[in-house]
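J.: Quick one: structure below, then a few questions.
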Amino acid sequence: MLKRLLLLLVLATPVHAVQPDEVLSDPGLEARARQISQVLRCPVCQGENIDESNAGVSRDLRLAVRERLVAGDSDAQVIDYIKDRFGEYVLFEPERRGANLILYWIGPAVLVVALGGIFLWLRGRRREEEPVPVLSAEEEARLKDLLKD
């Protein structure tokens, strides 16, 4: 039972694709490299960052990130270097400017328009409801007679 539990724990731990030969000797630079690798998407994998991807291009990107850091580039310069070569697709969170700005705002705008439309539709339905006509005295008397029988 203990062996199964231990095996389950080992299999459940996340596996990082960073190979030992890629790790930098400076822990500060390595931490920065891992942080940058978390925000860069693998160009050939779907929804996987380069830190966790086993694809060859991800390995090359991880090495390029580390080379740029060793050369003295800032985090932003490293990200720009990779983005210039692979396009904005490699960013998990694209920059909020230009055409991307439209994409960021279209979802909330559609939601606001839909909620406004629902509100107006419900408000219009209430107005269309006709009030129930009140019975005249003669009709009430006739109704009472019918109910007595």
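In case you wondered, yes, glycine gets a Cβ from its N, Cα and C as well.
Okay, these came from Swiss-Prot:
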- CYS42, CYS45: heme binding site (BINDING)
- 1-17: signal peptide (SIGNAL)
J.: Can you tell me the three-state DSSP label for CYS42 (heme binding site)?
T.: coil
J.: Since the record lists CYS42, CYS45 as binding-site residues, which of them has the fewest other Cβ atoms within 10 Å of its Cβ?
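T.: Fewest other Cβ atoms within 10 Å, among the binding-site residues CYS42, CYS45, is found for CYS45.
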